[in-house]
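Student: TrEMBL feature annotations, pasted as is:
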COILED    9-36  coiled coil
ACT_SITE  Thr44  active site, nucleophile
Amino acid sequence: FSLAAFKRNKRKLELAEKVETDLIQLKKRRQSNEKENDSGTLDTVGAVVIDQEGNVAAAVSSGGLALKHPGRVGQAALYGCGCWAENTGVHTPYSTAVSTSGCGEHLVRTILARECSWALQTEDAHQALLETMQNKFIGSPFLANEDGVLGGVIVLRSCRCSAEPESSQAKPTLLVEFLWSHTTESMCVGYMSAQDGKAK
């Protein structure tokens, strides 16, 4: 054997040992992540807010799935999937703010936040949200092959309503509804107003 052959073979052995060590560490990390997933804990955080003028906003943040593919983009970053907020306009009699939680792939395929917001332009918000979750999410043709459909929404809807004739100078009352719906086993919900010292 020559010195060059010895060094070449030594490098191969060192590389093989490093690959084996890396694989063992990767396997341990995957097992740890699988244990986290088995706990059923999902870590999406969302918020819907309204100011005293009736302007609405929505936000969402998600850590995503464990063992996700590199480069995966979840619902929080996609238009109409993670959250949606729209003030009253020509075609929207109600201001709506929606934030979603659950399996990002399910929320993305159904564009759930936008669908909920659009559905809430009808008179009965409770019925509209129920039908949207049933027809546009649980019964969505885009999720037909899924074993379980995991998702939830928090919704804030408002309008300026007045019992006075339209010629009255009185500012209409701001009416606000807060609703939520979920298909997951549980979903934590909190709320507070400017007068509250802490969330309820």
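Every residue number used here counts from 1 along the chain in the order it is shown.
Backbone N, Cα and C define each Cβ position, glycine as well.
Remember, predicted model here, so these are calculated numbers, not experimental data.
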Student: Near the Cβ of the residue listed as 'active site, nucleophile', how many other Cβ atoms are there if near means within 10 Å?
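Tutor: 23, counting other Cβ atoms within 10 Å of the residue listed as 'active site, nucleophile'.
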Student: Sort the residue listed as 'active site, nucleophile' into helix, strand or coil using the DSSP assignment.
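Tutor: DSSP call for the residue listed as 'active site, nucleophile': coil, neither helix nor strand.
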